[in-house]
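Database features (TrEMBL):
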type	residues	note
BINDING	13-18, ASP38, ARG43, 93-97, 134-135, GLU169, 280-283, ARG350	NAD(+) binding site
BINDING	165-169, 224-228, ARG264, 271-277, 342-343, ARG447	substrate binding site
ACT_SITE	CYS280	active site, nucleophile
DOMAIN	336-452	domain 'UDP-glucose/GDP-mannose dehydrogenase C-terminal'
Amino acid sequence: MAPVKVSKICCIGAGYVGGPTCAVIALKCPHITVTIVDLNKARVDAWNSPDFALPIYEPGLEDVVRQARGRNLFFSTDVDKAIEEADLIFVSVNTPTKKSGVGAGFAADLNYVELATRRIATVATSSKIVVEKSTVPCRTAESMRTILEANSKPNCRFDILSNPEFLAEGTAISDLFSPDRVLIGSLQTEEGINACESLKQVYSNWVPEERILTVGLWSSELSKLAANAMLAQRISSINALSAICEATGANIDEVSHAIGYDSRIGPKFLKASVGFGGSCFQKDILNLVYLSESLHLPEVAAYWRQVVEMNEYQKRRFSKRVVDTLFNTITGKRIAVLGFAFKADTGDTRESAAITLIKDFQSEKALVNVYDPQVSADQIWLDLQEASPLSTLESIQKQVHICKSALEACKNAEAVVIATEWKEFKDIDWEAVYAGMNKPAFVFDGRLIVDAEKLRKIGFTVTTIGRPSSVL
């Protein structure tokens with residue numbers, strides 16, 4: 001049996017993974033029709049908006065959509081039609097951490113994956129290649145295959161592949177254009193290998209063959225969790241060292257620069273900060289913790305759990321440092337928080353350190369001004385409400401004010417807290433900021449982006465992650 005030549009692709013899920021990934025596939029493969037479907041009509045309408053007001057902010061994404069949309073890239077709420085017509089279906093739905101039931105707080109919630117899988121089985125009248133794109137626990141493909149085979153129609157077979165994404169938000173489009181690797185996992189049967197070859201042929205339109213790795217299904221599923229766990233581990237490791245630097249007089253930038261020169265370690269992901277965020281790192285590590293416990297490997301579970309605990313400690317430590325520096329109280333004081341996204345060049349706020357910091361400042365009865373160049377006010381209010389479920393929106397809005405510029409946020413503030421490394425915060429007119437603040441004026445750099453010495457000459461008292469407060 002020869003590999004299927006893919007001419008029509010359906011992607012179920014128009015979020016941060018499915019949208020950009022399949023938009024780039026459409027751009028690079030003009031001979032393949034790509035339809036991205038989602039039940040969220042507002043999201044699909046945004047993807048189809050005449051002025052390209054896309055639901056996701058990602059540098060370069062708008063240009064990709066402009067080139068391909070209406071040619072061979074389509075966005076729709078008609079899930080059934082797209083499933084029926086496709087040769088290959090990406091399942092790219094959300095897999096959040098469970099909030100209740102068995103595994104709550106650790107295990108991935110696979111409800112959306114199961115619903116999508118059942119829909120494929122119900123609708124499909126011809127054979128399909130079904131590709132896991134969502135980040136899922138090991139052996140999820142086995143569950144998907146069981147559901148598909150139990151509900152399939154006569155002469156309708158399904159081959160399951162795992163094709164995890166390794167995108168970094170903020171650089172997702174360049175990552176897709178020139179990936180370090182594309183990983184495809186399949187069952188090592190003739191049918192599985194043929195299905196793998198079909199997907200490989202899609203990526204081969206722009207990805208060099210040596211960067212397309214084909215492995216077993218279970219190895220592919222675990223590799224995604226492992227990659228994120230290893231990256232998060234590096235961040236927590238350098239953040240742990242930043243605490244030692246603050247206590248000893250060492251400089252974390254100098255330490256990370258020195259160890260990064262070791263070819264065995266390398267310089268990436270050695271930037272100390274207020275803590276990692278995003279949709280993947282914490283979720284995937286907790287998933288790994290739950291998997292380890294399920295496999296009766298408590299020591300392995302404890303090892304990975306510590307990565308998340310160190311991240312939470314770093315955020316708590318930073319907010320405490322703000323309070324301690326501001327004469328042990330911030331009650332009634334105005335704090336400007338610059339940045340709400342979990343990192344620069346994205347509008348994603350999931351697990352953002354800013355949410356934890358603001359919640360801590362609220363509990364200390366501070367007044368908080370927030371500014372982020374990409375995150376909408378609606379999203380900020382939603383996240384702050386979710387972080388403080390016992391507080392009403394009205395009570396939150398009495399303490400928190402959303403501003404339209406960094407200068408506005410800093411006006412009449414006692415302190416500025418940099419929570420996201422947006423370039424504009426580095427280039428801000430700090431003399432104007434200083435002039436508009438109450439004195440003494442404090443800056444807390446949680447992302448190591450400002451020139452601390454320059455700010456001190458203006459008159460600021462500057463506190464930086466990984467450097468002792470007393471060292472100038």
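Yeah, the Cβs are placed from backbone N, Cα and C, and that goes for glycine too.
Because TrEMBL annotations are produced automatically, they should be read as predictions rather than curated entries.
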In whole Å, how far is the residue listed as 'active site, nucleophile' from THR97 (NAD(+) binding site) when you measure between their Cα atoms?
-> 10
Distance check against GLN282 (NAD(+) binding site) for the binding-site residues GLU165, ALA272, GLY275, PHE342, keeping those with Cα within 10 Å = none
Could you list the residues of the same chain, at least six apart in sequence, whose Cβ is under 8 A from the Cβ of GLY275 (substrate binding site)?
-> ILE235, ASN239, ASN311, GLU312, GLN314, LYS315, PHE318, ALA353, THR356
Helix, strand and coil totals (DSSP H, G, I; E, B; other) for the domain 'UDP-glucose/GDP-mannose dehydrogenase C-terminal' (336-452) | 46 helix, 19 strand, 52 coil
In the predicted model, what is the mean pLDDT computed over the domain 'UDP-glucose/GDP-mannose dehydrogenase C-terminal' (336-452)?
-> 97
Around GLN282 (NAD(+) binding site), how many other CB atoms lie within 10 A of its CB?
-> 21
By Cα-Cα distance, the member of binding-site residues GLY13, TYR16, ASP38, ASN94, GLU169 nearest ALA272 (substrate binding site) = GLU169
ALA168 (substrate binding site), number of other Cβ atoms within 10 Å | 14
By a simple count, how many Cβ atoms lie within 10 Å of the Cβ of ASP38 (NAD(+) binding site), its own Cβ left out?
-> 23
Could you check which of the binding-site residues (GLU165, ALA168, ASN228, PHE342) sits closest to ASP38 (NAD(+) binding site), going Cα to Cα?
-> GLU165
Distance between PHE342 (substrate binding site) and GLU169 (NAD(+) binding site) at the Cα atoms, whole Å?
-> 10
Report the member of ASN94, THR97, ASN228 (the binding-site residues) whose C-beta atom has the most other C-beta atoms within 10 angstroms.
-> ASN228
Cβ neighbour count (within 10 Å, all chains shown) around LEU225 (substrate binding site) = 23
What's the CA-CA gap between LEU225 (substrate binding site) and CYS280 (active site, nucleophile) in angstrom, rounded?
-> 9
